[in-house]
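Take a look at the structure set out below.
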Amino acid sequence: MPKIVVVGAVAGGATCASQIRRLDKESDIIIFEKDRDMSFANCALPYVIGEVVEDRKYALAYTPEKFYDRKQITVKTYHEVIAINDERQTVTVLNRKTNEQFEESYDKLILSPGASANSLGFESDITFTLRNLEDTDAIDQFIKANQVDKVLVIGAGYVSLEVLENLYERGLHPTLIHRSDKINKLMDADMNQPILDELDKREIPYRLNEEIDAINGNEITFKSGKVEHYDMIIEGVGTHPNSKFIESSNIKLDRKGFIPVNDKFETNVPNIYAIGDIATSHYRHVDLPASVPLAWGAHRAASIVAEQIAGNDTIEFKGFLGNNIVKFFDYTFASVGVKPNELKQFDYKMVEVTQGAHANYYPGNSPLHLRVYYDTSNRQILRAAAVGKEGADKRIDVLSMAMMNQLTVDELTEFEVAYAPPYSHPKDLINMIGYKAK
């Protein structure tokens, strides 16, 4: 009976193990998870903090006991894989509760250890990061126990923006700082102005080109010379792959610690796969490498690896499109395709429209800004971005499908919109992009 070992029990690992069991009722499957919880919804965590998700239990899909009862898959939490011997096909596991170590053999090994939050490294009892449900509980308990009011949020990526919004909606008083003037880097820089407008509208303080110089209790000294007091600090300064334990093996890592994989999510070592935040692949629509540490990619990779292990060796990954979206107060920011800083590798043109998300005469209309970049050599779409109070998600998903099928910008004129006044226009914004590009 084949033995399958999975490292990591969140989006990628737990999903992959579950899909393998659906296809293969006999294999022995065991998952090692170094932290307390398995199968929690990472994307729900800011909303748990903001009490939008009313009970944290809704962010936790399974416990190890429930997972075993439903799927006959063993999950060992607080068990950290600390080394891989790919020649003997074993992993070394540390029981973090007892500090005991043991070896576990495998026939197939699936690596889905995820990533960890970066930290600025200050010694501080009021500083937190947000990466898992344990972090969420710690933040929530600290807020309640210390009657937290003023919170400093560091960083201006998706997670920091979501955390800030949820702290504000909870009734706290957040302040945002960011070390540069380039916020929300997945979006075009000039499309991010509504973020600052939303902060101004609510009189939420923010400072760009600002960093912490020192923390002394609740007193924060900044590089600008300002000294302010905060009850709590939440750092959102990026992540790094949990790949340190892989260095003991023959598995290839890139310079940032990610694992390059092929279209079957195989590593360079036989019988070892990598999925989720730790794996790097390529774009679907252009010939460039891509790392997209988001939920869709982890789930898609999990399904492909499960099919492979179950015997379907014809299924392959066709690449990422990098579709992403975030809500920040009243606005939605969405984009798909290559990142803004990757456009320079192409000879491209840009076309954009700004008009109401639905028919102008229908109540509640608001402007939607839609932008598309296309390759001048073949007129295929390289990237699209949308910002507005409604309709951004719909347009970006349509453009994602267009890019998936390598449509040209001109073919957007042929998109047949589901039109009614509350939803769109007879000639939708997507159609108008195509007409303007001609």
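Think of each number as a place in line: the chain as shown, counted from 1.
A Cβ is built for glycine as well, from the same backbone N, Cα and C atoms used for every other residue.
Taken from Swiss-Prot, the feature FAD binding site covers 8-33, 267-277, Y419, and the record attributes it to sequence analysis. Residues annotated as substrate binding site in Swiss-Prot, with sequence analysis given as evidence: T15, Q19, R22, S39, N42, K71, H299, K427. The active site, redox-active annotation in Swiss-Prot covers C43. Taken from Swiss-Prot, the feature active site, nucleophile applies to C43, supported by sequence analysis. According to Swiss-Prot, the NADP(+) binding site annotation covers 151-166, on the basis of sequence analysis.
Locations of recorded Swiss-Prot features on the structure.
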residue	record	DSSP (3 states)
S18	FAD binding site	helix
D28	FAD binding site	strand
E33	FAD binding site	strand
K71	substrate binding site	helix
V151	NADP(+) binding site	strand
G157	NADP(+) binding site	coil
E165	NADP(+) binding site	helix
N271	FAD binding site	coil
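Listed in sequence order, N184, I195, V326, F328 are the same-chain residues six or more apart from L161 (NADP(+) binding site) with CB atoms under 8 A from its CB. Ranked by Cβ neighbours within 10 A across all protein chains shown, the binding-site residues R22, K71 are led by K71.
Note on proximity: of the binding-site residues V159, H299, K427, the one nearest N271 (FAD binding site) is H299, by Cα distance. Looking only at the recorded positions T15, D28, C43, the one with its C-alpha closest to V159 (NADP(+) binding site) is C43. Within 10 Å of G276 (FAD binding site), counting CA to CA, the binding-site residues V151, V163, H299 contribute H299. Cβ neighbour count for S39 (substrate binding site): 22 (other Cβ atoms within 10 Å of its Cβ, all protein chains included). Neighbour counts of Cβ atoms within 10 Å were compared for the binding-site residues T15, S18, N42, and the top value is held by T15. The binding residues for substrate are recorded as T15, Q19, R22, S39, N42, K71, H299, K427; their greatest pairwise CA distance is 49 Å.
A separation of roughly 13 Å, to the nearest angstrom, links the Cα atoms of R22 (substrate binding site) and D28 (FAD binding site). For the pair Q19 (substrate binding site) and G155 (NADP(+) binding site), the C-alpha distance works out to 36 angstrom.
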